[in-house]
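To keep things clear, I will list the structure first and then write my remarks on it.
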């Protein structure tokens, strides 16, 4: 329902349509929820008439609703975010390695202990002594496991997200869902509105076309033009503007003298009211003389109709006055006459309307102005009674055009720079608006969404009608993903679009497998009709100033200032979350590798770990808690927008990070082993290994120095961990990260206290000043070693060092096993010879297509030497179709794409099914006597001119040929193409 008035409320809460939408949006689990209607009290109709605020359904309606079963709504569980999937997979992999290291450490310690005690010393079992020693070995193993497993990873993620959400509030981003923050780091496309997001939403009439005259803002401001207007024309114009608009739209006096009036309500209507004030007319007086209760019918503005119409009585009830306004080209197409400022009428023919649009409306639209036409019609009561009051299309016939105004909505000054930053960051910005195509194109050029070369491209700019024509199948009328894939990559501006068009565009981009990585789409919206698109998008942005409650409820982030630059800030914070997690991982994994290797080697050679359990727990505390606070709370910079988006398949630990992890681990392990076996000579202290071999467990300066050196190297490596992209200056940005500096100093002070005053409780002995100098020297050298590692190319690392390499390889092996390796034909079928053309290898042109794409790319120039054993093509299609369904399930579990050779193999086998059908009909003409099937297959395998793409839509012709009689009378071969090929 649209419009305004009094309503009789028959249902509220969950029983209303809005309540149903809210119940769908608020549900977060997959259980079936039951909405129960509240108890109702029957109220007599007389009470309703006396008190309009007490509204209850009638007795019959209440009894009917009582019998109705409560609705059941099934809610789909929201899938894990990209970061959660990556972290879960990484934690599992590291956990396996940690368990293996812990078990190996305990086993080696137990074996050495048993050999030494029961074989070498030939002692008997002593429960108190030997069991205590075994328990000590288990404690060491548990300590290794605790240090190896990244249990601090969830804490780092939570801290980073919580810190980012808090800071994003200052950047006008109210985050409703935490995962939306990190999802914006992956964003590759933004579909945004124009009005209020890219523009200031402060509209002003700057140009008006009245009859054959053009009136500019300067003429309206000085008032010279107003006195020359005819009174009859001016009376109709003021009624059409003041009455045919929402009475909630007003111009309020400014708060300060000399300022511009405050616009309240619909901004377009406020601009028209301002235009009326320029004509020296007061809309408030007109509205007082014509209250809304006198209106017979109001057709409120709709994004589909692009118009608003009001019908009321005129001339003392002798006629009906129809006032309308809306999109200029739509209203003009309904006008039969045009009135000039003198009150003279001119007939508008079809050619005249086209010329008016071409000569007047399009030039204004090219300036970026919104064009609104104002028209009216007055019919006698006797004529108007013959048509229905509810038939808007009948009222919008034979209108008289009063004027066409051009409304300026300036582009925000900061938007062009923000869009350039998005484009530099690898994010495609698309504008989806309901404005005229020329207006949208002009605004897009000013914002930088379109360049001068693409402004005239029919693929880059199109309206909603052309968009629907291109994406829908010509025969069925259904939206085709294949046709959508041919439209959205080049589309930049979608004008005269509806909320349904926006939803189909967003759904098509997200559901496309045209590219290796699925697009991550962010969408802005402010209306209730935008809720489905906001919910479908990966990240939905609702407008905080102009957005409806339903749109805000469907969104993930609310922009409190309705500014596009706030979306760019959200992208920066999203990427900063990824960087913070990567920094923490680079730091933590370095410590993990060093601690595990030291504990394992110590167990092998000196029957105990050089680092005591309590010391390793302190190191683990540094890694998990303090490092999380220090590294996960850094502020984002503009440098984040100079990189491409984090891909959905890109691992969290890049090869460059792995180089630093392994490089720093090798250095620290070398230093610790150097101090372990030569520390007594370097530090001039007693050898602690001898006491450990004898089982004497007292703190020594030797092992205290090893522990202190390890912590110092860890602390100084924390500066290196702040840079994950090979930056030279490890101290850059420290002035902004005060928390990092404070935590680092606090950790250093606590380490000094532990070493100097820990004593037996922490297995330490106070160190001399020269020992501290050595520890600080080894720690500071990690910074120098980090500069050396920057000079080492990351390409020297083999692919096996990639933490996701083996997972990807195992997945590819599973995929290859699902492909038919050896296909044998039944002996009853005739042998089919494979022609040379039939064996042509299929190589994709341009970008690698996905495994589920319906369209394949054929290259007849290359030849394939391998052949596939004979099999009826139906069986090939069926097997491939079943494999496609398995592959689809596998892709939902594993976001990564398969290799291109696997893709080509699957595409080759898919086309081979068609080729064999064609070959069989050629070898046995009786199968297809009229040759219709062979022509259909030949037409299918032809290349689209100039593109090299197969035309899958031609397969619709193959539906007519589903069975072919076999020349042998006892067999009837039912042939059906794979459904994936038959889909439009």
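Positions of Cβ are set from backbone N, Cα and C atoms, glycine also.
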Any idea which of 589-607, 608-626, 627-645 is down as transmembrane segment in TrEMBL? 589-607
Can you identify, from 529-550, 551-572, 771-792, the stretch that TrEMBL calls transmembrane segment? 771-792
Name the residue range among 474-495, 496-517, 738-759, 804-825 that TrEMBL annotates as transmembrane segment. 738-759
Which of these ranges is annotated transmembrane segment in TrEMBL: 42-67, 68-93, 94-119? 94-119
Same-chain residues near the transmembrane segment (94-119), Cβ under 8 Å, at least 6 residues beyond its ends: 125, 130, 133-134, 137-138, 140-142, 144-145, 147-150, 589, 592, 596, 599-600, 603-604, 607-609
State the mean pLDDT for the domain 'Cation-transporting P-type ATPase C-terminal' (609-788). 85
